[in-house]
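A short worksheet on the structure shown next.
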Amino acid sequence: MDKLLIRGGKPLNGPIRVSGSKNAALPILLAAPLLTEKTVVDNVPRLRDIHTTLKLNEILGCPSTFEGNTVTMEPAANLNPEAPYDLVRTMRASVLVLGPLLARTGRARVALPGGCAIGARPVNLHLTALEKMGATFTLEAGYIEGRCDRLTGAHIVFDFPTVGGTENLLMAASLAEGTTILENAAREPEVADLADFLNAMGAKITGHGTSVITIEGVPSLGGGRYSVMPDRIEAATYMIAAAITGGELHLECCPFMELDAVVSKLREMGVVIEATNAGVAVRRQGQLVGVDVATQVYPGFPTDVQAQIMALMCVAVGSSSIRETIFENRFMHVQELVRLGAQIRISSQTAFIRGVGTLTGAPVMASDLRASASLVLAGLAAKGETLIQRVYHLDRGYEAMEVKLQNVGADIERLT
């Protein structure tokens with residue numbers, strides 16, 4: 001099992017290119033069963049979850065090739081409507097095949113999903129919405145089995161602005177009969193990117209990026225070429241890397257406009273962030289100071305950056321707090337940061353952080369994707385050596401992270 005060894009205390013300086021968004025690429029690739037023509041998707045990050053998705057698509061009957069950062073998907077000759085447990089158990093996003101399979105075949109049998117163990121992310125919001133379009137579901141032997149005649153348009157109001165639920169319904173409704181209206185829909189840029197992709201393939205979707213989305217069903221979707229948006233979570237992580245090490249990074253292909261909430265909090269802490277012709281320049285100016293953060297759905301502060309900014313708070317002057325409002329049980333990185341010398345106290349869904357002068361390297365263990373990024377950031381700032389175990393979590397969401405960090409001056413190596 002791979003590990004990362006970091007010798008910290010070195011400022012990072014230089015350019016880093018932000019990769020394509022994992023959270024945008026996954027639903028775009030999982031839309032493969034909807035397509036009837038060859039489709040080329042560019043700027044796809046080479047990640048473990050992407051490879052799992054392409055394996056799943058192949059089992060469903062949608063073959064593809066992955067060269068560089070380009071995926072070429074061929075249309076399915078015969079769709080297999082079953083997503084097996086062996087693949088689905090490793091990746092929660094795989095539940096997104098429900099909508100496309102029901103829309104194309106009238107049947108879907110999908111194992112209950114796995115992925116990061118950061119609390120319940122119930123799929124009932126997906127199922128309830130699809131039922132309003134005419135699908136019926138049973139749960140048997142760990143599988144969700146759905147059936148329908150042709151899906152029909154419906155007016156759906158989500159109880160919560162679910163990202164996965166909105167994406168599933170965008171895909172299902174694209175081939176439904178009639179018009180579907182989604183209220184309280186997720187506004188995340190990755191949801192809008194999926195809608196833009198579907199429109200490029202022939203769908204008729206409007207309102208994406210707002211809380212009310214309208215989808216007019218079409219008989220079929222074709223193919224084409226599309227480029228995935230840059231990864232705003234990766235960009236935020238490297239912004240924090242510049243700040244926590246006291247260096248200056250220049251982020252290329254940075255989705256600056258989608259990072260308002262993160263940029264605002266980092267500036268409040270004393271981080272200088274400037275848009276340039278080449279991207280975004282990030283550096284620390286003087287002492288970092290503590291702030292209070294509450295995670296929110298977009299356009300609020302993203303839960304996927306909660307663990308990373310906590311690492312930064314650990315070395316800031318004064319007190320900080322983070323209230324996690326999206327997921328329960330997403331503070332599993334706290335005990336590992338404490339091993340590095342951080343002072344953190346948890347009360348219910350809020351973490352209270354008192355900044356310390358320096359962190360000290362120690363062996364730590366990653367518990368999930370963003371927790372692993374938090375430990376890398378802390379290790380970059382810590383004195384001495386930090387050994388991070390279970391970095392397979394990191395490989396699910398960050399493309400060649402140690403290589404990118406090495407190129408800007410980090411002393412980091414992968415041990416196999």
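The first residue you see is number 1, and the count goes up from there.
Cβ atoms here come from the backbone N, Cα and C positions, even for glycine.
As the structure is a computational prediction, the values presented were derived from the model and not from experiment.
Under the heading phosphoenolpyruvate binding site, Swiss-Prot lists K22, N23, citing sequence analysis as support. Under the heading UDP-N-acetyl-alpha-D-glucosamine binding site, Swiss-Prot lists R92, D304, I326. Per Swiss-Prot, 2-(S-cysteinyl)pyruvic acid O-phosphothioketal is recorded for C116, and the stated evidence type is sequence analysis. Under the heading active site, proton donor, Swiss-Prot lists C116, citing sequence analysis as support.
Distribution of Swiss-Prot features across the structure.
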residue : record                                        : DSSP class
K22     : phosphoenolpyruvate binding site              : helix
R92     : UDP-N-acetyl-alpha-D-glucosamine binding site : helix
D304    : UDP-N-acetyl-alpha-D-glucosamine binding site : helix
I326    : UDP-N-acetyl-alpha-D-glucosamine binding site : coil
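Of all Cα pairs drawn from R92, D304, I326, which the record names as binding UDP-N-acetyl-alpha-D-glucosamine, the longest spans 16 Å. Here the CA atom of N23 (phosphoenolpyruvate binding site) lies 11 Å from the CA atom of D304 (UDP-N-acetyl-alpha-D-glucosamine binding site). Shown in sequence order, T295, Q296, V297, T303 are the residues of the chain, 6+ apart in sequence, with a C-beta less than 8 angstroms from the C-beta of I326 (UDP-N-acetyl-alpha-D-glucosamine binding site).
Neighbour counts of Cβ atoms within 10 Å were compared across the binding-site residues K22, R92; the minimum falls on R92. Cα of N23 (phosphoenolpyruvate binding site) to Cα of R92 (UDP-N-acetyl-alpha-D-glucosamine binding site): a span of 11 Å. For the pair R92 (UDP-N-acetyl-alpha-D-glucosamine binding site) and K22 (phosphoenolpyruvate binding site), the C-alpha distance works out to 13 angstrom.
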